[in-house]
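Only one structure is covered here, and it is reproduced in the block below.
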Amino acid sequence: SSKPAAPPPLRTTTLPPPVAPVVCRNPSVPPFGVPSTATFPVGSVFTYQCQPGYAVAGDTFTLCQRDGTFQTTVTRCVLVSPVTVGPTGCRRPAAPSNGFILGESTFWAVGQMILYGCNSGFSLVGAETLPCQSDGSFGNAPQCINVAVPTASCTPNPPPNGRVRPDGKRAYLPGDTITYECRNGFVESGLATGICLPNGQWRTAPFSCRAAQG
């Protein structure tokens, strides 16, 4: 009698590793700037902060782009005045929604830094650290946004007598950049770039097209 046929060899399939979402890390800060160890999803903003006694000059923020790098900016920290630590200071503020304040301190002297963080699944939008100001406040506190919530898209917004590049798109994703141009006979005025934010709005500087002088 004939022997039974041997079973075919088992085939194994190797699945590719899951693709991690693109994020930006370690934004470059100028001398006397305050670094950040936070992770920034595409489209989120890192706001520059300077050490006590210094103020931000130039671009005040940079944005995480879709390639995992921060938008190029020109920022520096300039000396404004020595920090004085007196009897005044800041009391512990409320933590941001879905976030926390690091440490158990209840009082910060003028110039001392407070550190904010977000719960798991949320990303910080705004400054991670803020100095206590002489008016007893920390200024604009950051927010914690849900990274799982789908982000909105941005619609083109060409200026009067102008257009955007690249054109032909009905919507742009967070992190996308556009360039403004003026039509023939008009002259550019302002910064000609914009970037789409997760809330569906454009982060732009004033730009317009004015009629060329004949």
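Along the chain as shown, the residues are counted starting at 1.
In case you wondered, yes, glycine gets a Cβ from its N, Cα and C as well.
Heads up, TrEMBL stuff is auto-annotated, nobody curated it.
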Self-check item: Cysteine paired with C182, where TrEMBL records a disulfide bond, from C196, C209
Solution: C209
Self-check item: C50: disulphide-bonded cysteine as recorded in TrEMBL, out of C24, C64, C77
Solution: C77
Quiz item: In whole Å, how far is C77 (disulfide bond) from C182 (disulfide bond) when you measure between their Cα atoms?
Solution: 34
Quiz prompt | Helix-strand-coil residue split for the domain 'Sushi' (22-79), DSSP-based | solution = 0 helix, 26 strand, 32 coil
Quiz item: C-alpha of C77 (disulfide bond) to C-alpha of C209 (disulfide bond): distance in Å?
Solution: 32
